[in-house]
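One structure is given here, and the rest of the page talks about it.
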Amino acid sequence: MADAKAQKRQKFDNVFPKLREELLAYLNQEGMPQDAVSWFQRNLDYNVPGGKLNRGISVVDSVEILKGRKLNDDEYFKAALLGWCVEFLQAFFLVSDDMMDQSVTRRGQPCWFRVEGINLIAINDSFMLEGAIYYLLKKHFRSEPYYVHLLELFHDTTFQTEIGQLIDLITAPEDHVDLSKFSLAKHQKIVIYKTAYYSFYLPVALAMYTCGVPHAPANDPYALAQSILIPLGEYFQVQDDFLDFAAPPEVLGKVGTDIVDNKCSWCVNAALARASPAQRRVLDDNYGLKDKEAEARVKALYEELGIRDEFAAYEERAYARIVGLIETIPAEGADVGAGDVRLKREVFKAFLDKIYKRQK
């Protein structure tokens, strides 16, 4: 199983150098100076590969499930290219996000803007990662009937993510703690816009367009997919927030920092919803401080308030809700109405199985 997963990743990884060469060839063809070409190559190599690649690989997985067969070389390349475009989008977000948050490390290495000699040039570097998406889409998909849908999908998703980022930045600035701005409703808004659209809806919608799934005036398959994937993305982020507090660092692979970073996390919002006035004071006095003892006091309060049990109950509710939504997709072999295009439950089950009760 692990071997199959490693092979799948390797096959996906092998597409990246081809895309990098196309992008660098474009700069060379435009007569750009060699130092600019080298800089762009370094930007690409440092920021695009190297993550978990879940978003990118899920485009390929979804195309395979929708087609119901192995992909030929051309189909695989096109699906992987779209997957890599999602990874380019993620890189664009992360490079700029790290600057806004003044983060120190990302994926076990210094954030790009902290690399010697980069500094604020990282702003333009992030723009170039975004621009690369549209160069690749035009080069490989311009003649496809769904090309405009791909463009709109990337543009819409980018704007949605930026709106989510704005709400997050003004709700929870690192240098000014004001828990009165926090609420579970606001947390939900941030999560849906900042994470769920680009991490969950985008990869599946890309797969649907490539497989020729059309929009429909009634029972639109894209609206149906979104109605399942947005709650799925919300559940994923709540899980992420909980693991930041509850998972041991050696399992999580990093040290959780949501408390000291004043993050508008599900945990603090769940605590605020349950806290007595005295407990609320503990949160007000200790949350968002760069102080180990203050962090320990917040964690102790989470334990006292039963945040672990609260999360376990949330997880079961979320799972049951998402399973129920998936079951609204007609089962294979069932009759579908005229004009309805068959979505496959398996696309969504694959996502849910990957994240249900995960430990990291």
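Note: Cβ is positioned from N, Cα and C throughout, glycine not excepted.
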Residue among Gln41, Gln90 sharing the isopentenyl diphosphate site, where Swiss-Prot lists Lys52, Arg55, Arg107 as binders:
Gln90
Calculate the distance in Å between the alpha carbons (Cα) of Thr195 (dimethylallyl diphosphate binding site) and Gln90 (isopentenyl diphosphate binding site), and round it to a whole number.
10
Using other CB atoms within 10 angstroms as the count, which residue among the binding-site residues Lys52, Lys194, Lys254 scores least?
Lys52
Measuring CA to CA, name the entry from the binding-site residues Lys52, Lys194, Lys263 that ends up nearest Asp101 (Mg(2+) 1 binding site).
Lys263
How far apart, in Å, are the two Cα atoms that lie farthest from each other among Arg106, Lys194, Thr195, Gln237, Lys254, Lys263, the residues recorded as binding dimethylallyl diphosphate?
21
Please compare the binding-site residues Asp97, Asp101 by how many other CB atoms fall within 10 Å of each one's CB, and tell me which has the fewest.
Asp101
Tally every other Cβ atom lying within 10 Å of the Cβ atom of Thr195 (dimethylallyl diphosphate binding site).
19
What is the maximum Cα to Cα distance, in Å and rounded to a whole number, among the residues Lys52, Arg55, Gln90, Arg107 annotated as binding isopentenyl diphosphate?
16
